[in-house]
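This report concerns only the one structure given below.
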Amino acid sequence: MTGADSSLWRELWLAVVAHSVPTSPPALGGLWLVPLLTVLFVLVPRARRLGRALGTVVHEAAHAVVGVLVGRRFHGFTVASDLSGVAVTSGPQRGLGRVLTSWAGYPAPALLGAGLTAAALRGWAGMVLAVLCVGLLLLLVMSRSLRTVLLVGMCVLLFLGLWWWGDALLPLRAGVLAGVGVVLLLSAWDALLDVARSRDGGQDHRTLARITVLPAWLWVGSWLLVCTVCTWAVLQTALPLRP
């Protein structure tokens with residue numbers, strides 16, 4: 001490697017670090033995007049579909065990540081036009097690893113949403129966006145349909161642009177990230193209500209009932225508890241910001 005190449009890589013690394021370091025918490029006036037994105041999700045059907053699609057990506061990513069962590073093999077995932085998704089992992093059909101993998105999907109959007117909101121409001125938007133970009137690039141490689149590639153690719157471009165150029169509009173960056181966090185939390189509630197009403201035997205709670213001794217309603221209750229705690233955490237983070 002020449003001296004010029006070494007200098008280029010060093011400058012690039014310094015730029016990456018500079019875009020990822022924590023900053024001061026954003027001013028309240030710069031967070032107007034949070035209520036705007038929330039209202040759009042609630043009132044605009046197309047925005048709601050986009051939010052639900054993002055929630056599905058997180059849901060399937062959670063199946064994949066937990067599956068890999070417990071020793072299963074991840075083969076890829078897809079997001080369908082009806083906002084359902086499938087993450088394909090292989091491994092033992094029963095046991096703790098299968099249970100954790102099957103359970104992880106529904107609470108994941110709420111957990112990530114609460115984490116994104118807290119990070120954005122505490123000045124950690126840059127670092128979180130960098131981690132999200134890396135994770136989404138890995139998911140892009142494992143996408144197994146054109147729709148999934150386009151959806152994940154759109155998320156990569158959005159978060160990558162927000163991470164790299166967001167310093168010029170720091171409150172906007174924090175507002176977008178916190179708003180996305182709230183949208184993920186709302187999408188988790190939406191998906192949970194859908195699965196609670198579903199009679200589909202292939203849904204995660206029914207799969208968990210088949211591979212364990214616990215009934216399906218108890219698994220839905222566990223997801224409800226996680227979503228409730230995450231909602232409380234977001235409110236606890238946001239309430240001190242009132243003028």
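Even glycines carry a Cβ here, placed using N, Cα and C.
Annotations in TrEMBL come from automatic prediction, not curation.
Residues or ranges marked as transmembrane segment in TrEMBL: 27-44 (among others).
What TrEMBL lists as transmembrane segment is 99-118 (among others). Listed as Cβ neighbours of the transmembrane segment (99-118) (distance under 8 Å, sequence separation of 6 or more from its ends, same chain) are residues 54-55, 58-63, 65-67, 70, 72, 87, 89, 91, 128, 177-178, 180-189, 191-192, 195, 204, 207-208, 211-212, 219, 222-223, 226-227, 230-231, 233-234, 237-238.
Here TrEMBL flags 124-142 (among others) as transmembrane segment.
Under the heading transmembrane segment, TrEMBL lists 149-166 (among others).
What TrEMBL lists as transmembrane segment is 172-193 (among others).
Residues 103, 106-107, 110-111, 113-114, 117-118, 181-182, 185, 188-189, 192, 195-196, 204-206, 208 of the same chain, all 6+ positions outside the transmembrane segment (214-235), place their C-beta atoms under 8 angstroms from a C-beta of that stretch. Under the heading transmembrane segment, TrEMBL lists 214-235 (among others).
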Chain residues in Cβ proximity to the transmembrane segment (172-193) (below 8 Å; excluding those fewer than six residues from its ends, i.e. six or more beyond): 25-26, 30-34, 36-38, 41-42, 48, 51-52, 54-56, 58-59, 106-110, 112-121, 123, 125-126, 128-129, 162-163, 166, 220, 223-224, 227, 230-231, 234
